[in-house]
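A.B. asks: Positions annotated as domain 'ABC transporter' by Swiss-Prot, on the basis of sequence analysis: 4-235. Taken from Swiss-Prot, the feature ATP binding site covers G37, P38, S39, G40, C41, G42, K43, S44, and the record attributes it to sequence analysis.
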Amino acid sequence: MAGLKLQAVTKSWDGKTQVIKPLTLDVADGEFIVMVGPSGCGKSTLLRMVAGLERVTEGDIWINDQRVTEMEPKDRGIAMVFQNYALYPHMSVEENMAWGLKIRGMGKQQIAERVKEAARILELDGLLKRRPRELSGGQRQRVAMGRAIVRDPAVFLFDEPLSNLDAKLRVQMRLELQQLHRRLKTTSLYVTHDQVEAMTLAQRVMVMNGGVAEQIGTPVEVYEKPASLFVASFIGSPAMNLLTGRVNNEGTHFELDGGIVLPLNGGYRQYAGRKMTLGIRPEHIALSSQAEGGVPLVMDTLEILGADNLAHGRWGEQKLVVRLAHQERPTAGSTLWLHLAENQLHLFDGETGQRV
């Protein structure tokens, strides 16, 4: 068991432009951290730096209180699970799981014990003699994880391990990964572009954008209190509604570009007259009535999702999505009267994009 620390780590390919800006992260012993962000945000590069597969330009990496910044990958005490299973097709499941230990010179008895235990944990006991071609995608991924488990690493590194699986298998493997971490309690750093994976697996999430950690927090924190416009727009499906406008002179209302005026929950007078963005999640908008002071929205389209429905409309040029109950199915062109929960409104600075 070990902790992981990244201290002001940067990466530059040309010595000028930083693709990873100075980034500091403390991962507690046994903690499961997920790095999530769009393609090209730097999350896989950062993971490879921790693994020793990419050189750190500046800063330091520590594993178990030992500085490993220049250390060879094999000496860092890490095990990595990739997007591609990378199994040897001519070897059995048992041989694939044992191979890394064999080339390290571990004794046969110890190898057999470790493989047996990993197979038991991953429910691969009855598949040890099979070849990869005889396995399903989920079983192959479990073999790849078993190959990492037998090494008994200080830190697990996962690089989008579920992205090659179909939707149903991904759900199953997410649950298996949760159970695996609860059992092993090994420090883990996991990379994905899938926010559902991030929210369901992580104890803490690091949302990355353009080589910067926009926010580090629990899944609940990043969902309920996004630190920036990027986090607000990236986390959540559908994304948070983001509406541009200004706070009125009294700080009591938000005036949207397009004439709609929304009440604020007070305390915003210091932002009077400033260009701001107001955010609210679709589930925090309720159906109301004109008599109750509801705000009108002409619905353009309705998405029927089964458990609930999504109504789409516009206030001027600004799009709005409202999550409705399963039984609510208004027709296109009808007017919805809406109430926005004032205690669920988020304000972001119009220039910096940061939460205020």
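Just so you know, glycine gets a Cβ as well, placed from its N, Cα and C.
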A.B. asks: Suppose the ATP site is G37, P38, S39, G40, C41, G42, K43, S44. Which further residues of the same chain have a Cβ inside 8 angstroms of that site's Cβ centroid?
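C.D. replies: Here the non-site neighbours turn out to be H193, M208, N209.
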A.B. asks: For each of the binding-site residues (G37, P38, G40, G42), count the other CB atoms lying within 10 A of its CB, then report the residue with the highest count.
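C.D. replies: By the 10 Å Cβ neighbour count, G37 comes out on top.
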A.B. asks: Where among the binding-site residues S39, C41, K43, S44 do you find the Cβ with the fewest other Cβ atoms within 10 Å?
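C.D. replies: Selected from the binding-site residues S39, C41, K43, S44 on minimum Cβ neighbours within 10 Å: S39.
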A.B. asks: Helix, strand or coil: which one is G37 (ATP binding site) in, per DSSP?
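C.D. replies: SS state of G37 (ATP binding site) = coil.
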A.B. asks: On the three-state reduction of DSSP, what should I expect for S44 (ATP binding site)?
C.D. replies: helix
A.B. asks: The domain 'ABC transporter' (4-235): mean pLDDT?
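C.D. replies: Taking every residue of the domain 'ABC transporter' (4-235) together, the mean pLDDT is 95.
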